Each structure stands twice: as structure tokens, then as C-alpha cells.
Amino acid sequence: MTRILGIDPGSQRTGVGIIDVDATGRVSYVHHQPLVLLGADDFPQRMKLLVLGLADLCREYEPQEVAIERVFMARNPDSALKLGQARGAAISAVVLRDLPVHEYAASEIKLAVVGRGGAEKQQVQHMVGLMLNLKIKLQADAADALAVAITHAHVRATANRLGLSARQAWGRK
């Protein structure tokens with residue numbers, strides 16, 4: 001059994017989702033929560049809250065691998081920069097724990113979870129709930145975090161069947 005931490009980075013609210021995946025690629029729900037970063041006085045303090053929150057989650061749930069959504073180009077350059085910085089802080093937090101990080105674009109995640117790279121957020125939320133047999137409606141950041149973890153679980157399962165690493169199976173170095 002492998003535990004995967006999925007991260008949907010944000011500068012105000014970061015979604016985290018944790019799943020377990022068995023050797024056959026079957027996924028099961030473990031935990032999800034938002035890391036709400038708005039309580040801090042300034043942006044660097046929000047990044048500190050993000051790093052500390054991820055460290056606490058890693059200590060409590062002991063993931064073995066991490067999957068994170070890649071940054072997309074936002075309309076507002078300042079928002080894109082802050083999102084990139086939040087993503088960097090999240091990656092730093094888990095790399096300091098020697099966890100391997102796997103990155104997926106939003107379109108790759110939607111394709112893996114819904115079957116269509118241009119799927120709507122509501123479709124992702126619905127499919128994640130079905131795949132993990134959840135009875136609650138997930139918020140978008142939680143669904144996205146769990147979706148990136150599920151995407152990595154699927155890539156991992158395919159890689160295992162082919163005798164490849166997850167990076168090789170996804171065509172990355």
C-alpha cells in the first residue's frame with residue numbers, strides 16, 4: 001500500500017488530499033482538508049503557514065509520494081506569481097522530508113479523472129466523489145487535491161504494469 005498526498009496549491013487556500021493505493025492501482029480515501037492561509041498578516045507569513053501545515057500533515061499521515069498540480073497561466077500576473085510561490089513553498093515543504101514529487105497539468109488531471117481534459121470543475125468534484133465512494137460534496141480545492149493524487153495513482157499503476165517509473169510512464173524525465 002502506498003500513501004499519496006495530493007496538493008492543489010493556492011496563495012490563500014491550498015487543498016490537500018490523501019489517498020492510499022494498493023498494488024493493483026485501487027484507490028481509497030484517507031483524508032482531505034484545506035490549508036487556509038488568510039490568517040497571516042502578509043504573504044511570507046502565509047507561505048510559512050503553508051509549509052508548517054504540510055509538515056504537520058506529513059508527520060500525521062506519513063505519505064510516501066506527493067502529486068501536485070502544475071501552475072497555469074492566470075490572467076493577473078500578480079496572481080500567477082503568488083500561485084507559483086505557493087507551489088514552490090509546498091514543494092519545498094515535502095522535498096525537505098525526502099518525498100518524491102510528481103507534477104501534473106490541470107488538463108492531465110481532468111483527463112485522468114473525468115476522461116476529458118477540458119472537463120468542468122463540477123465534473124471533477126463529482127467523479128472524485130464517485131471514485132473514492134464519498135457521501136459528502138467536496139469543495140473545489142479538496143476535489144482538485146484528491147484528483148491530482150488519483151491521477152498519480154493511475155500513472156503509478158500503469159507504470160508498475162509496464163515495469164517503468166511513473167515519470168517514464170508519463171513520458172517525463
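Cβ coordinates are placed from backbone N, Cα and C, and glycine is handled just like the others.
Taken verbatim from Swiss-Prot:
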type: ACT_SITE; residues: D8; note: active site
type: ACT_SITE; residues: E69; note: active site
type: ACT_SITE; residues: D141; note: active site
type: BINDING; residues: D8, D141; note: Mg(2+) 1 binding site
type: BINDING; residues: E69; note: Mg(2+) 2 binding site
CB contacts for D141 (active site) [other CB atoms within 10 A, all chains]: 23
Nonlocal neighbours by CB distance (under 8 Å) for E69 (active site), same chain, sequence gap 6 or more: I7, D8, P9, R87, E103, Y104, A105, A106, I109, D144, V148
Cβ neighbour count within 10 Å of D8 (active site): 26
